[in-house]
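Asker: Pasting the feature list from TrEMBL:
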{"type": "BINDING", "residues": "Cys76, Cys112, Cys144", "note": "[4Fe-4S] cluster 1 binding site"}
{"type": "BINDING", "residues": "Cys219, Cys223, Cys226", "note": "[4Fe-4S] cluster 2 binding site"}
{"type": "DOMAIN", "residues": "67-181", "note": "domain 'MTTase N-terminal'"}
{"type": "DOMAIN", "residues": "205-434", "note": "domain 'Radical SAM core'"}
{"type": "DOMAIN", "residues": "437-502", "note": "domain 'TRAM'"}
Amino acid sequence: MNWVKRTGRMEAEAAMALLFVEGLSWVRLSSPKVGVNHTDGGNRNEEDRCGNPAVLVTGAYTGKVSKTFYIETFGCQMNAHDSEKVIGTLEQQGYARVQDEADAGLILYNTCSIRDKAEQKVFHRLNEYKKMQGEGKKFAVLGCVAQQEGEKIFDRAPYVSLVSGSASYRNLPGMLARLEAGEQRITGLDDRQTDETFETEFVARTNPHRGYITIIEGCDKFCAYCVVPYTRGKERSRAANSVLDEALRMADQGFTEIQLLGQNVNSYHDPSQKMSFAELLAAVGSVPGIKRVRFTTSHPRDFTKDIVDAIDAVPTLCDHVHLPVQSGSTAILKAMNREYTREWYLERISWIKAAKREISMTSDIIVGFPGETDEDLEDTATLLDEVGYDQIFAFKYSPRPNTPAVTMADSIPDEVKAARLQVLLERQREIQKRSYARHLNEVMDVMVEGHNHQRKQVVGRSSQNKTVNFTTSDLILPALGNYQTVRITQTFPNSLVGEMLRVN
Ligand code: SF4
């Protein structure tokens, strides 16, 4: 799949070139900048965004440190959060993270295979590591490309000692012990049919105010264009009490915002049979100290009305739903194996629109899927109008290895895909101009995420996940993680501007 084009400003995000599949935004992150992801498409590291160093919240390891590691992470929020857990596991095993690969004894590379030619890029990067092999360093390749390429990685990069897909991360301590014992070709590749999830108390969360909790791993949907079911394995959910324990621990540590993560969170199936996804959502939202709960991503096929009812009933559940449609044409949805029609999708949208509070909606779109006609594209364009999304993440289709769509003729020339993408983005920009304008003079709660000293603005985010840049007459700027009341004074297609109100 191609780099995402998003409506509006790309700013610094251009350098971070973002991808998106099913609501999981994709980002290249290097050690130690792990996984602070912003679903506005602005996948910026906390250090980049506010000039403050990233803060680690880790499981406590107090022993003597003699082992060091460096980790480089590519990919979506799932990958970023996997790296947070891998880092926590390594630290718990007595490793210390370093910021420069030159200082590391172990170099880990957490890969993503969504991008075009991802595997070539991985081998290119591994080639750069090659020069360090004489320094006694060890190398590990993790993630989707590791799963996809498997032992071929050892053949092409014999200095790599460990290759593991995400479904095997729970076995990391054992694999690390074998690595330390000098074993050469360690693999974690055979767990895609497991029922177990990667659960650990040791998570090196980068942002001290908001963090992810994975509630479901893998995917059983097999959309025709997507590699995820092949790289992340079958769908498996965590027990609700385990998720709630983690939420309670995070609240104790001072987190106020939690984002429940999964390829399809609303396919969640509590193995202890106690809670539906909507009930789990409400329960996490009821944890004392938690002020905001988000979830991503939802599959329209499994989107049930009780999710909207939960948002209506529990004020801490954010008023935002990301519901990827991918196409507005029922014929293309069928070809994509999405298992719903345009009408089915719009019925779910009507539930969201009927909620007691206004819920912001965002989506993902693939343009130029094999067989897409001008009429199909028009169906997508009219769906944008009909729904009135606050943001879309749209990208051109490109074939991915091992997926059913790879056997379909990629019939649409790249320049046609690019032109179609442009049509949709321009249409969406007009929609956003109108939808953001309706917030003028509105008063909203904003969580502080950064300070833009150049513009003398505080940067924050609303419950609807909209960027709000605001000024304050206070001499001391509100701290990161604080919630402030802001009146909106200006609107743009991708952000809001306002002034902080004093609330007595
Ligand atoms: S197969 Fe479909 S539902 Fe599953 S992760 Fe891929 S795009 Fe999402």
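Positions of Cβ are set from backbone N, Cα and C atoms, glycine also.
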Asker: Consider only the binding-site residues Cys76, Cys112, Cys219, Cys223, Cys226: which of them have a Cβ under 6 Å from an atom of ligand 1? Write none if no residue does.
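Answerer: Only Cys219, Cys223, Cys226 qualify.
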Asker: I need the CA-to-CA distance for Cys219 ([4Fe-4S] cluster 2 binding site) versus Cys144 ([4Fe-4S] cluster 1 binding site), whole Å please.
Answerer: 13
Asker: What mean pLDDT does the predicted model reach across the domain 'TRAM' (437-502)?
Answerer: 96
Asker: Report the DSSP secondary-structure composition of the domain 'MTTase N-terminal' (67-181) as helix, strand and coil residue counts.
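Answerer: Its residues fall into 61 helix, 29 strand, 25 coil.
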Asker: Between the Cα atoms of Cys76 ([4Fe-4S] cluster 1 binding site) and Cys226 ([4Fe-4S] cluster 2 binding site), what distance do you get, rounded to the nearest Å?
Answerer: 14
Asker: What is the number of residues in the domain 'TRAM' (437-502) that are helix, strand and coil, as DSSP sees it?
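Answerer: Looking at the domain 'TRAM' (437-502) with DSSP, the answer is 1 helix, 36 strand, 29 coil.
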